[in-house]
Structure formats: structure tokens, C-alpha cells
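Single-structure report; data block below.
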Amino acid sequence: MLKTFKIGGIHPPENKLTSGGKIQKLPVPEQVIIPLGQHIGAPASPVVKKGDAVKAGQLIGQATGFVSANVHSSVSGTVTAVESRPDAAGLLKPCIVIQVEGDEWVPEVDLSEKIERHTDLPKEEIIKAISAAGIVGMGGATFPTQVKLSPPPGSKAEILIINGVECEPYLTADHRIMLERGEEILIGVQLLMKAIEVKKAVIGIENNKRDAIEHLQSLAAGMNGIEICPLKVKYPQGGEKQLIQAITKRAVPSGALPIAVGAVVQNVGTALAVYEAVLKRKPLVERVVTVTGKSVKNPGNFLCRIGTPIAEVIKAAGGPPEDTAKVIGGGPMMGRAIFNIDSPLMKGSSGILLLNEKEGERKPCKNCIRCTKCVSVCPMGLEPYLLMKLSQYNLLERMEEEKVMDCIECGSCSFTCPADRPLLDYIRLGKARTGMMIRNRKK
Amino acid sequence: MNTIVITIIALCAIGIISAIILYFVAQKFKVEEDPRIDIVEGLLPGANCGGCGYPGCRGLAEAAVKADSLDNILCPVGGAESMKKIAAALGREVVEQAPKIAVVKCNGSCENRPRLNRYDGARSCAIEHSLYIGDTACAYGCLGCGDCVAACPFDAIHMSPATGLPEVSDEKCVACGACVKACPRNIIELRNKGPKDRRVFVSCVNKDKGAVARKACKVACIGCMKCAKECPFEAITVENNLAYIDYNKCRLCRKCVTVCPTGAIHEVNFPPRKVNPETPKTTVTANAKPAPVSQPVSSVPGNSETGEKKETV
């Protein structure tokens, strides 16, 4: 019997079209646009100016404040502008634009393929290296990793959970890195265990990735304290709270962080980035992105420099098919439509999904028939139909009572609704407004 | 038979005892209320729209009775007339306040502001605004999902099928401000209704630099300062690349309208200007009559000339 979370969940079609192909290296583009705010928290402040020559791996944005992350140049070349550029949603965000010349890295970065294994480093040194490298949660939430590794005083981590679930349909980036960079990931996991001083780490992987589970199990055989845990295929198995519940059987209390039950969760991509940052001294300037879609010519996983325009990545996969109606950043469940494909890839971009008119269509909203399907699939035990109504009437106090802040925005309710009601759209709006109300109250 | 009689007597006794207890409890816990509150509430329209800033009509009534003067209290629905009656009932004086009206400060119709994508999410401006820039390149302009229409309790604002923008009815709007609160982009402003309903305002809220704003929308304010320099009454200020006309200072001379290179400044309900071949760019249209009944929202066929200037450069 495979482990899974207790309540709710759905089974969307998996459509993992790209799990068979190797990760391809995308050529360095002619120009990169590197946003200064690629993470949750305060945007970095630029430390280069127009006309400066930069090398790949060089610091170009300094973290400002506790919850923030450094930003590094992913290419070598000349800074042509430090200005606001439209992001994927079309809104202007501060960016550094670099015209690429050659591909020269800063000397301290170790670019060899040799695997370093000396994980015997002090805790502070590991966290310092992670912080300097600007590592953020690679699963998509982009929360600065060093903050997650420094638990608040009074709480103690007992278990490290590594998220290799990849429950989003279509995406296979984590699957491929587990297969191709498995050893490095495990070394990264060991480093993370050192950093939070735990003896046990569990890597949770959905059971549809048998090859990755077996590969990591054989690699982890000689390592102490690392366990691979196959999980039932069910969305949203990769949600932080769902994963903790599946693996440890502990439920994170409403409004609390995972550390409340002694767990720290990191993505497999983050573990790989930690390995590179600590032992190869390579900052987070590259990531694997899945480019996929049913009519894409060469769907696959691409190792891209951060800041590469999304259009370039699509071009590498054979260009946008003629019937493309929507480009989604991320997976089909939680991803968002991209308005501007000239916007850059960021640290949290896990996939680019091209949908045709029929796949991307949103059907007109019909009346709620009170079937409570949304209630039965909600993995957080909320009542989405009610929250949507409350959001429409802007009853924020009532929404707070109904625990809207627990919503993980997984989209299971909208997916399952037979009346095609935009449940998540309204809940997300209400959640944002309720969150603002709570913050204002604290002030 | 006996049982029925006993039952009736017992029930009556319980009823009488309960009535006595309730009477004394009611006396003991009586809430003293100023009887004038009820009188004032009776004089109010009873729309409970909250446009005055108080929670419903009773809220305003309580505030009016408590307050020393009625200067800062205004029922936008009842207007000056209601306030006069209230003042008379309370034996106070009332300063007449200029009537206001909601003004939509965006002219980004399909011709002026090309649509770059199609939004097919939930029909709510607030949601669209939280997701992305919208279906045009303007991050400030109207999203056209009609949150303001849904918010209006007086049926005074409607989406024009021709422009895809909301239009306010001069007769129905009472300036309660519900649409102002509902608009996530703060496009709607309450402005002085003006003499004979004549108004001049900047119909744009885009704070981008001129070139960016102009690229997104043909009739955007580009912050060129021409209007501010032209204005003889110093009513126009330009901040963040956006002009704003202070309606308290504006004397409706309309010089700014003529000088605006993009046609972002609108005049409504003015009589037609004398035809001047040198300035064809500001083709001003207005109602044939000197605006006793203004109809800027009219979509009646045949009355294509609305109060708002649509012609651009």
C-alpha cells in the first residue's frame, strides 16, 4: 500500500510526454534579461550598472533584507540596461539586461563534470554558500532556501523531506534530473541534512516514476539516513503539507509552517542547486525547464540559463505550433498563462506548456448545483463553493473563519467542478484580500 | 371537559405571568434612543448604499443627530434636498454642497487601445487585475469586466457595447462611490457635476512614460505638460506622467482640451464649438440642446453624438 495524503485529491491525465528524452543543453542566447525579483520577498538591488562587463556566475543583484536572494549573471557580456522590463504577466519589473559575448565564467566556479563528495562541512559554511548562491525553492514557490534552513528559535527540525513528486501533469524536469543527476542530488541532500542537523531524509517520489525510484534507491543504498519513499499517484501529492502528511503521517496545523511538526521540505532541484553551490561554487544561474504540449514538435527538457527569453526556449522545442492558443508558465494545474513570451525564464520556471484552443479553453460558468465535488476533492478540507460565494460578496471575516488562508491554490476544485465554475480564481482573490486584511490588523 | 378548562386556565396564567415578567424586563433594559434618529431616518431615501460613508441610512441618521454641524455629512442619494429637510428637522443650518458624479477616466476603446490577447478567466476585473496586465498593453486602464456595473445600486453605470467601457448616466448617478471602490484600477473618480452638467477632465490614468503610454493607447495622457502650461487658472498638475485637473479650480475654459495632442482631455455637455478649420483634431461633439437633459450614455440609434469627444489626432 503506497503512502498518500488523507483527504481529497484528484487524478488529472498525466500527459508526461517528455519523460523519455535526455536533458538537452540550450545554447546561450544573444541577450538575457535577468529580473531582480525572482523570489518571494524583497527584490535584490542591482550592483552593476550600464556598460559594465560581467562574467557568468558574477553577482549582479544583492539580496536586500532577510527574505531575499542574490541574483547572478547567467552569461558573460556587457550590461546594456538596468531598467524595468515587462514580466510574463506584462507588468514592469526591475531587470538587468545583458548582451552576451562569449561564455566566460568567474574563475572560482568548477565547471568540470567530476563529482565532489566531501560533504563534511560545518553547518554555517553550507548555509552561507547557499545564501551567497541565491538559491530559492526550485519547485515554483521560489522561497529563499537559506531562510527555510534557519528554523525560528525554539523549533527543531527532525526530518528532511525532499520533494521529487512532480505531481503536475506534463512536467518532467524533476524526473529527468533525478535520473541524470541522481548522485549529485543525493550529495546535495546530505549537505541539506548537515545544514539543518537532522539524521533522516526521505525523498518522496510518485509511483509513476519507477525508473527514478529504483535509480535513487540503488544510489542511496550506501548512504546513511536517506530513504526513498514511493508515493501514490494523486494530485496534489507534491503540495508541501500533503507530502509531509503522506510521509510522516503528521498534519501541519492550520496557519503553521512545516517546522511545527519538525519537517523541512526541499525540492530535488533545490538539492541539486545546493550541491552545485556548495561543492562546485556555482551560483543558481541555470535550471532545467520542460517545454511541452501535445502539438509541440520536439518537446523535451532543456537546461537553460536564467534570463533566456521564453520565446527562445520554445524555438528550441521546434517553435510554437500553429494551433497554439495559450502558453502556460509551469504546469497545467497551477501554472499561469504567459502574456509576453519575450519575458525571461526565472529561477522558479519549471515548465512551459503550449496548449491549443481546445485544451486551453475555459468553459462558460454555470450555476452551482451543490454537488459538493469540490469539497470532496479539496486536499485542505475546505469548502470551495462557499469560499467562492464569500469572495464574490467580499465577506473577508467570514472567509477567514472558513480558513481561506489554508488554501494551497492547487486548483483541484476548479478541475473537478461539473459546472465549470472559476472557483480557484475567486478564492485566490479572496485569499489575497483576506491576507491583506490580516496584515493590516497586525500593524 | 374538566381537563380542557384546567388547560385553558393554566395557559392563560402562564401567558399573564410571562407578560408581566417581559414588561418589567423591557422597562429595566430599555435602550434610550434619541427619537430624532427615527425622524431623520425617515427623511433619508432608504437606499442603504453606504455612499455617505456610514453603515446605511440609520448610520447617517445617528451621526447627523450626534454631530454638531452637518458640514461633513451628505447623503449623495437624497442630495441637497434631503440634507435641507434634515437640517430643518434638527434645527440646524446646512451648507449646500456641490453635487458630484462618477467620472470614468479611461477612453481605451478597441480602436484606441488595441487588444493583444483575450482574457477568458472569471469575469471579474479584480481577478483579471490580480493576474496580469490585462488584454491590452496598458497596465492602468479599464479591464472591461464590469465590476463597477455590478457594484452600482442605482443602475447608473453600464458597459457601452460600442467602446467596451463603462458609461455613467447623468440622471441616475448619485455619486455614492460604490463603483469607485469596486474598480481595482481606480479609474473612476467622483468629480463636481459642474454647471449645466458641463465638465472637463483627463480621461486617462496611465502613469507610464509618454512613449510607453502612447504605444499602448492612442488617447493616453503622455504627461507632455502642454495643458498645465496653457491653463490660466493653475488647475492642472502633472505628476507621474499624468495630468490631473482640479475641479475646484477649473473654470471650464476648455483651453486644455484644444491643446492636448492625444485628445486625452474630455469635455462633456458643452454646446458645439464654432467650426475652426485650423484645429480639426478636437472635433467636439455635444448634445444639440445646451444640455438640459444630458445623455452621454445614450446608445439610442440615431443619437450617435454623445457628450464625449471621440475623435483623436
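Every residue, even glycine, has its Cβ placed from backbone N, Cα and C.
Curation does not apply to TrEMBL; its annotations are automatic.
Same-site candidate for [4Fe-4S] cluster 2 binding, as annotated by TrEMBL with B:Cys138, B:Cys142, B:Cys145, B:Cys148, chosen from B:Cys75, B:Cys183, B:Cys204: B:Cys183. In TrEMBL, the [4Fe-4S] cluster 3 site is described by B:Cys173, B:Cys176, B:Cys179, and among B:Cys152, B:Cys217 the residue recorded at this site is B:Cys152. For B:Cys179 ([4Fe-4S] cluster 3 binding site), the binding-site residues whose C-alpha atoms fall inside a 10 Å radius of its own C-alpha are B:Cys148, out of B:Cys52, B:Cys57, B:Cys138, B:Cys145, B:Cys148.
Reported as a whole number, the C-alpha separation between B:Cys138 ([4Fe-4S] cluster 2 binding site) and B:Cys75 ([4Fe-4S] cluster 1 binding site) equals 35 Å. The shortest Cα-Cα distance from B:Cys152 ([4Fe-4S] cluster 3 binding site) to any of the binding-site residues (B:Cys49, B:Cys52, B:Cys57, B:Cys145, B:Cys183) is found for B:Cys49. If you take the Cα of B:Cys176 ([4Fe-4S] cluster 3 binding site) and the Cα of B:Cys183 ([4Fe-4S] cluster 2 binding site), they are about 14 angstrom apart, rounded to a whole number.
Other than B:Cys49, B:Cys52, B:Cys57, B:Cys75, the residues of this chain whose Cβ falls within 8 Å of the Cβ centroid of the [4Fe-4S] cluster 1 site are, in sequence order, B:Leu44, B:Pro45, B:Ala47, B:Asn48, B:Gly50, B:Gly51, B:Tyr54, B:Gly56, B:Leu60, B:Pro76, B:Val77, B:Gly78, B:Cys176. The C-beta environment of B:Cys145 ([4Fe-4S] cluster 2 binding site), restricted to residues of the same chain at least 6 apart in sequence and closer than 8 Å, consists of B:Tyr119, B:Arg123, B:Ser124, B:Cys125, B:Glu128.
Each of the binding-site residues B:Cys49, B:Cys142, B:Cys173, B:Cys183 was scored by the other Cβ atoms within 10 Å of its Cβ; the lowest score goes to B:Cys49. Listed in sequence order, B:Gly59, B:Leu60, B:Ile73, B:Leu74, B:Cys75, B:Pro76, B:Cys176 are the same-chain residues at least 6 apart in sequence whose CB falls under 8 Å from the CB of B:Cys52 ([4Fe-4S] cluster 1 binding site). Close to the recorded [4Fe-4S] cluster 3 site, the chain also has B:Gly51, B:Ala102, B:Cys148, B:Ala151, B:Pro153, B:Phe154, B:Ala156, B:Ile157, B:Val168, B:Val174, B:Ala175, B:Gly177, B:Ala178, B:Val180: residues not among B:Cys152, B:Cys173, B:Cys176, B:Cys179 whose Cβ is within 8 Å of the site's Cβ mean position.
Annotated pair B:Cys148 ([4Fe-4S] cluster 2 binding site) and B:Cys57 ([4Fe-4S] cluster 1 binding site), C-alpha to C-alpha distance, rounded: 22 Å.
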